[in-house]
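Copied from Swiss-Prot, the annotated features are:
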BINDING   GLU55, GLU85, HIS88, GLU169  Fe cation 1 binding site
BINDING   GLU85, GLU137, GLU169, HIS172  Fe cation 2 binding site
Amino acid sequence: MFDKAIIEFDKALRTVFAPARSVRPVPGDDVPDAPLDDEQKRHAAALMRVNHVGEICAQALYQGQAIMSGDERVREELQRASHEETEHLAWTEQRIAELGGRKSLLNPLWYGGALAIGMLAGRFGDRWNLGFLAETERQVEAHLTSHLERLPADDRKSRAIVEQMRTDEVEHAETALKLGGRELPLPVRSAMKLASRVMTTAAYRV
């Protein structure tokens, strides 16, 4: 039990503080940088910071859910999704730096809150656990779609990253439902949307 706690704590430290690494090529890495003005760069960096925070939260959610799951198949799916989210973390981190931005100062807070929510979701059983995963991915997909509408049209690098992230999130949601995830009640989905709105608003600025 103590060894497991050390492993989970190490995951948290690496997610929040260590540079993320990607196995897959970074989407748009071969696309030349567009000549964006200072305001466009600031805006794009802020949107990518929001996406980076979303991936921090995803790592914590999946970690919390995996800790509480009693089904090896569910844990494996959570770990697979987590690995892809780590790549998203690396992509957004790189793009933020290229745009001259910075990561959120509140990342430890986002991580801690999402970990607690993930563990709480896991306590309700694997079907609800998977349903929570599916709904999370749907909401992330929706907010990534909105970012494609808000990013500067010429920022093809950021757009390529967001498009690939969205594709991955759709796949995660579909897999969770195929594994038996249940649709969450409307009040729960609404509460998740409200929490997401608070996070995205704060992360855009801080």
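Keep in mind that glycine also has a Cβ here, set from the backbone N, Cα and C atoms.
In sequence order, the binding-site residues near GLU137 (Fe cation 2 binding site) (Cα within 10 Å of its Cα) are GLU169, drawn from GLU55, GLU85, HIS88, GLU169. For GLU137 (Fe cation 2 binding site), other Cβ atoms within 10 Å of its Cβ number 24. Counting only the Cα atoms, the space from GLU55 (Fe cation 1 binding site) to HIS172 (Fe cation 2 binding site) is about 13 angstrom.
HIS88 (Fe cation 1 binding site) and HIS172 (Fe cation 2 binding site) have their C-alpha atoms 13 Å apart, to the nearest angstrom.
Residue density at GLU169 (Fe cation 1 binding site): 25 other Cβ atoms are found within 10 A of its Cβ, drawing on all protein chains shown. Each of the binding-site residues GLU55, GLU85 was scored by the number of other CB atoms within 10 Å of its CB, and the largest score is that of GLU85. Same-chain neighbours of the Fe cation 1 site beyond GLU55, GLU85, HIS88, GLU169, judged by a C-beta within 8 angstroms of the site's C-beta center, are, in sequence order, ASN51, GLY54, ALA58, GLU84, THR86, GLU87, LEU89, VAL140, MET165, ASP168. The number of other CB atoms found within 10 A of the CB of HIS88 (Fe cation 1 binding site), across every protein chain shown, is 26.
Sitting within 8 Å of the Cβ centre of GLU85, GLU137, GLU169, HIS172, and not among those site residues for Fe cation 2, are the Cβ atoms of ALA58, ALA81, GLU84, LEU133, THR136, VAL140, GLU141, ASP168, VAL170, GLU171, ALA173. Between GLU85 (Fe cation 1 binding site) and HIS172 (Fe cation 2 binding site), the C-alpha separation comes to 10 Å. Neighbour count (other Cβ atoms within 10 Å of the Cβ, all protein chains): 25 for HIS172 (Fe cation 2 binding site).
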